[in-house]
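**Student:** Below is one structure. I have some questions about it.
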Amino acid sequence: MAAAAAAAAKIAPSMLSSDFANLASEAERMVRLGADWLHMDVMDGHFVPNLTIGAPVIESLRKHTKAYLDCHLMVTNPSDYVEAFGKAGASGFTFHIEVTRDNWKELIQSIKAKGMRPGVSLKPGTPVEDVFPLVEAETPVELVLVMTVEPGFGGQKFMPEMMDKVIPSKFFWGVRTLRKKYPSLDIEVDGGLGPSTIDVAASAGANCIVAGSSVFGAADPGQVISALRKSVEASQIKG
């Protein structure tokens, strides 16, 4: 049997770190500089303390870009948002396992029915095993997002111990565990990723990289995007 193909590197600048007053031009700039996806952080002020954007912003941005809008919903009731985000033009809809343990099957089906790609995210303290059933379901999620910081605010520092969600440890399993178990799965990491921290995430098996302040705060954002991609691709070559 042939080995599963490696999941392609995807760099997703976090628009939470962009200039919100110029969101359309910021999106165009990121795509022009090599971004594969645009990561949209949706926070409800309840599941996480911060409050950011909703479907109307996604709908407005969609009018100005054909880019893949990678929406991460840090919300208490993600089912309430599926229809609106589908209509708005979201490409991916990633929900949190912590609030969907009883209804994830129906949620995944509704996300797909609205033309979006379903994903599941887990906070730093959540065992990675909790998402295995969602990846192995008859109608599975197509992406797992591992948070390396507590969700809710941009610009936080990377937590290297979260890459031990990667190796079985006393507290966490993680990215490496997921990659070994699911060779072709899109595995995304978010939180403090940049040129100085990318190698540990890439070597663990992450192929989708969310980066906010390290991209938007850089003198040369395109160079940062390129460096992130090269790290992922180099790690995949090493196997």
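Note that Cβ sites are derived from N, Cα and C of the backbone, with glycine treated the same way.
For ASP41, the entry in TrEMBL reads active site, proton acceptor. Residues annotated as active site, proton donor in TrEMBL: ASP190. Summarising the annotation, TrEMBL assigns substrate binding site to SER14, HIS72, GLY152, PHE153, GLY154, GLY155, GLY192, GLY212, SER213. Annotation source TrEMBL lists divalent metal cation binding site at HIS39, ASP41, HIS72, ASP190.
Give me the lay of the land around each of these features.
**Tutor:** In the structure as shown, the Cβ atom of ASP41 (active site, proton acceptor) sits within 10 Å of 24 other Cβ atoms.
Same-chain residues at least 6 positions away in sequence with a Cβ under 8 Å from that of ASP190 (active site, proton donor) are, in sequence order, SER14, HIS39, HIS72, SER121, LEU145, VAL146, MET147, THR148, VAL149, VAL210.
Of all Cβ atoms in the protein chains displayed, 16 besides its own lie within 10 Å of the Cβ of SER213 (substrate binding site).
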**Student:** Using the alpha carbons only, what distance in Å do you get between ASP41 (active site, proton acceptor) and GLY192 (substrate binding site) once rounded?
**Tutor:** 14
**Student:** Whose Cβ lies within 8 Å of the mean position of the Cβ atoms of HIS39, ASP41, HIS72, ASP190, the divalent metal cation site, other than those residues?
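**Tutor:** Not counting the recorded site residues, we get ALA12, SER14, LEU16, MET40, ASP70, CYS71, THR94, LEU145, VAL210.
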